[in-house]
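As written in Swiss-Prot, here are the features:
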type     : residues                                              : note
BINDING  : 23-28, 79-80, 101-105, Tyr116, Lys177, His203, Arg208 : NADP(+) binding site
ACT_SITE : Ser150                                                : active site
ACT_SITE : Glu152                                                : active site, nucleophile
ACT_SITE : Tyr173                                                : active site, nucleophile
Amino acid sequence: MASRSLNGDSDIVKPRKIALVTGITGQDGSYLTEFLLEKGYEVHGLIRRSSNFNTQRLNHIYVDPHNVNKALMKLHYGDLSDASSLRRWLDVIKPDEVYNLAAQSHVAVSFEIPDYTADVVATGALRLLEAVRSHNIDNGRAIKYYQAGSSEMFGSTPPPQSETTPFHPRSPYAASKCAAHWYTVNYREAYGLYACNGILFNHESPRRGENFVTRKITRALGRIKVGLQTKLFLGNIQASRDWGFAGDYVEAMWLMLQQEKPDDYVVATEESHTVKEFLDVSFGYVGLNWKDHVEIDKRYFRPTEVDNLKGDASKAKEMLGWKPKVGFEKLVKMMVDEDLELAKREKVLADAGYMDAQQQP
């Protein structure tokens, strides 16, 4: 849209880019939304209907939609299991970029609900890709598509793992992510879709779900420190992972869609640490010995374990100019600080009689 300036020159007002984000209420979705808003985007997110509000990770950036000039993040009901809703929202929103972050993303849970995991993670990605393809054809558009992959796809393949490393998935979740990865490659090759796979290694933050091991540790640690909890039960503490900061990784997602040609990229810190090392750093940071509080529970071991994941992100560094900013110890301490403050607030409630002092989070 053009406007005339006082000196007679025509000033071109560049329209805002529009992004559609599935999984917007999750850890990655919230950080990506913040990042895109800072870049001047209008961001739309698909959320599933829930009996309880599940948008707490977005509350700090939420603006009442009645304030149309400032509400640049908008939420809509949709689901990767419902193809009609995906196509409908593409037609209504007309996004420039689609980021598919939605998933049943817990590895252990995927063994309990494998059908659902495959339907949402694998077939859900296929539904969204097909919706993008048909929307592009019918409307003469060229949406760019990002598919969230996972280092779990590599499974038992020895590290370091790069874009050329063979996949060997060891869970229904990982197998479903492999399917989504290849659907994305197929739509890129068959239909010329600008579609990228981001193979992200483990990335954490204070917004990480509490049933993931890193947040489970820091959440329990905060409560132990203030006297609300005494024990933490864990599974395989020798498992080694390449842990980075989620806030760093969303930048890599965006960069993939800003290139001349679509491609697939590994995103990782290129450092690997065991769960035991995470315990050492986190408990040591607050002056505690984890051995006094942690017990190993065989129930938390998976039917097939993934022992060591360590990424080779040289391609992302060279082609995207991306590199992680937050190191392992800084990440751990960031998470401990946040969860210690949360535990202190819980302690106030417990002391006032509003919650059971030993109530687990």
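In case you wondered, yes, glycine gets a Cβ from its N, Cα and C as well.
Owing to the predicted nature of the structure, the values given are computational and were not obtained by experimental measurement.
Taking the features listed in Swiss-Prot, we show where each one sits on the structure.
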{"residue": "Gly23", "record": "NADP(+) binding site", "DSSP (3 states)": "coil"}
{"residue": "Asp79", "record": "NADP(+) binding site", "DSSP (3 states)": "coil"}
{"residue": "Ala102", "record": "NADP(+) binding site", "DSSP (3 states)": "coil"}
{"residue": "Ser150", "record": "active site", "DSSP (3 states)": "strand"}
{"residue": "Tyr173", "record": "active site, nucleophile", "DSSP (3 states)": "helix"}
{"residue": "His203", "record": "NADP(+) binding site", "DSSP (3 states)": "strand"}
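Rounded to a whole value, the Cα-Cα separation of Ser150 (active site) and Ser105 (NADP(+) binding site) is 9 Å.
The most densely surrounded of the recorded positions Asp79, Glu152, judged by C-beta neighbours within 10 angstroms, is Glu152. Closest to Glu152 (active site, nucleophile) by Cα-Cα distance, out of the recorded positions Gly23, Ser105, Tyr173, His203, is Tyr173. Sequence-distant neighbours of Ser105 (NADP(+) binding site) (same chain, six or more apart, CB under 8 Å from its CB) are Gly26, Val121, Ser150, Tyr173, listed in sequence order.
Within its own chain, His203 (NADP(+) binding site) has Gln27, Asp28, Trp243, Gly244, Phe245, Ala246, Asp248, Tyr249, Val267 as residues 6 or more apart in sequence whose C-beta sits under 8 angstroms from its own.
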